[in-house]
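Please read the structure below before turning to the comments.
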Amino acid sequence: MGIKGLTKFLADNAPKSIQQQGIGSLLGKRVAIDASMWIYQFLAAIREGSQWGNLTNSSGESTSHINGMLSRTTRLLEAGIKPVFVFDGAPPEMKKDELTKRDERREKALAELEKAQEIGDEELIKKQSVRTIHVTKKQVEDVKKLLGFLGMPCIDAPSEAEAQCAELCKDGLVYGVVTEDADSLTFGTPIQIKQLNFSESSNKITDKSPSKQKNGMQIIKLSLILSELDINMDQFIDLCILSGCDYCGTIRGIGTSTAYKLLKKYHNIESILKNIDQTKNPIPGNFDFSKVRELFKNPLVSKNNQIKDLIKWSNPKYEELMEWLIKEQNFNEARVNSYCERIKKSKNKTSQTCLDGFFKTASNERKNTHETPSRPPLSEKQKSETRKEVDSSLSCDKKKVKIEETKIISEWGAPVSKNLSSQAEKDLAENSSEAPNQSSEIKVNKIEENKDSESSTVENTPSLQTKSPEPTMRPVKRKLNRLISESDED
């Protein structure tokens, strides 16, 4: 069931949180899929007589869940989507009452179905047939076997699949969670993906408001829900509990809209219960909201460091897949071959599309990196001060270059030019005590290396140039002058 009335409430009161998007927006993204929900949909197709209906094997067992999963998974791969399938584990103890009610409704539906069949009411037969659906362990194992042949990752949740999907999404292992149950948001799913069913309308984007969008893929963002409703996560959980969930009863007379108004006024369930008239709004005996709140905040899940190694896609086992589908499930051989060819093509297409997207993104990043930021024009005073600073720095740099050159030459026992400044000569005298008798007038281009001298070996003698290197500040000056000129033009 999920959360009663939540989707419509969000469409009316937080419309920006629901975005209709095309399936192409999921290209290259990982998504966690509530597999149990999909199996239920495929089994319902039998009763509704849709494309997967009335499919059985030689034993008379329905195979619509296998055919439906094969078809939709193939479409996912063709769309460049990487699915991670998550299956339900043992239900929480608090869900026991809800499961009992479901069993009772199923028994009642079976009785109504028999009556409808007796009178031949086709519409009523379809309606009651859907209500009798129960996913068996055998059907779940069939789907897992199929996905194993396809090389898809499957995860068995210790409890609720929606909670495990939310955990994957919160830790960034998947982009979003594919499910129709709104309680995935209550478990903290940052992004819920609804109606990913590849129907004709699922890839159409309309201008209709979220409340009027019955078809088409929807992206629901939890952060936008909280900001639009102006509540925090704890209050959102309380809103879901008051609206009606699978884990406790509901308070008569309080639906989603009323619950929201009460939360805005009283902030939490504890304060609400103290202020409402419990004669008009009686509290049911199974309304243990504190335990339910804790379940939503800290559900039983496998931590991602325990299961992240399971999220791997492997190459399909085509031969085993074909043998199982054709021989054991009585699938048409030509149809199976067609699926296999589509999967092979989709893998090549997805790889190339992702590669093209990578290079396109990298190219844009390089382009953006080399864009020259706009500079404000310099005032006349700033221009004058800049020129003075450059001239002063350049003058100091010339002296520094000559002195450093002298020090290097003296240190290595090489002759020194007599054109050095007096200050440079003083610095040289202080640092050349080891060679006091060396003449300073020997020309550089007539140096003869002493091969026997340890200080003049090829390895440790620096190369000498007759021309002093250009002072390092000259390029800086040219650049600054160019900037000033550009400013003048502006």
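Glycine too: its Cβ is placed from the backbone N, Cα and C atoms.
Since we're looking at a predicted model, the values are computed, not measured.
As given in Swiss-Prot:
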- Asp181, Asp183, Asp246: Mg(2+) 2 binding site (BINDING)
- 430-442: compositional bias 'Polar residues' (COMPBIAS)
- 443-454: compositional bias 'Basic and acidic residues' (COMPBIAS)
- 455-469: compositional bias 'Polar residues' (COMPBIAS)
- 1-106: region 'N-domain' (REGION)
- 351-359: region 'Interaction with PCNA' (REGION)
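Other C-beta atoms found within 10 angstroms of the C-beta of Asp181 (Mg(2+) 2 binding site) number 24, with every protein chain shown included. Reduced to three states, the DSSP call for Asp183 (Mg(2+) 2 binding site) is helix. Counting every protein chain shown, 22 other Cβ atoms lie within 10 Å of the Cβ of Asp246 (Mg(2+) 2 binding site). In the predicted model, the region 'N-domain' (1-106) has a mean pLDDT of 88.
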